[in-house]
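Report on one structure; see the data block that follows.
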Amino acid sequence: MAQLYFYYSAMNAGKSTSLLQSSYNYRERGMHTLVLTPAIDDRFGMGKVASRIGIQCEATIFSAADDLAERIAAEHEREFLHCVLVDESQFLSKDQVKQLAYVVDCLDIPVLCYGLRTDFQGELFSGSQYLLAWADKLVELKTICFCGRKANMVVRRDSQGNAIKEGAQVAIGGNESYESVCRKHFRELVWE
Ligand SMILES: [Zn+2]
């Protein structure tokens, strides 16, 4: 039976690298994968998943309004899919997570989602919320804080390096940067 996986982490834990490696493992065996990426993430140009260590692959873009079950079923009809991989899956809507669960349950295609658990205020993203609730397998990808502890939180910093405490969940085109920190340092930077 296929399963729904959620690989979650803070920033820069190698989520895209892990996605690209998994997709490659299927393709190396002559199997077909579909890599999906949300329209919201255009850091590397549209329709691409790129890793910080320099590897990349073509990806199919989806928008917040897309029915992913329909899109994946159509693609599966055209060419048998062995696996679907979703980058930046924190941006999925509740309905889209449900649609991916349908793909697993009714089309029997494994779906591997990669995404952030929480935003810069320590709140769950919608996609992460429902993946944490409904995925068959939860896998944490680990990264470390500057202090050496496991980093499970993300801090957004302005151009002066100050931690930002309020604002929209997704900042587009700003000068902000993101850093993964442990909860103790998140507390000092954001909560206190
Ligand atoms: Zn720390």
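Cβ from N, Cα, C; glycine included.
The ATP binding site annotation in TrEMBL covers Ser9, Ala10, Met11, Asn12, Ala13, Gly14, Lys15, Ser16, Asp87, Glu88, Ser89, Gln90.
The active site, proton acceptor annotation in TrEMBL covers Glu88.
In the three-state DSSP scheme, Cys145 (Zn(2+) binding site) is classed as coil. Annotation for Cys145 (Zn(2+) binding site): spatial neighbours Ala151, Ser180, Val181, Cys182, His185, criterion Cβ-Cβ under 8 Å with sequence separation of six or more. The Zn(2+) binding site feature in TrEMBL is assigned to Cys145, Cys147, Cys182, His185.
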Near ligand 1, meaning Cβ under 6 Å from any of its atoms: which of the recorded positions Met11, Ala13, Asp87, Glu88, Cys147 fit that description? Cys147
Other than its own, how many Cβ atoms are within 10 Å of the Cβ belonging to Lys15 (ATP binding site)? 24
Which of Met11, Ala13, Cys147 (the binding-site residues) has the most other Cβ atoms within 10 Å? Ala13
Taking the Cβ of each of the binding-site residues and counting other Cβ atoms inside 10 Å, which one has the highest number: Ser9, Ser89? Ser89
Including all protein chains shown, what's the count of other C-beta atoms within 10 A of the C-beta of Glu88 (active site, proton acceptor)? 23
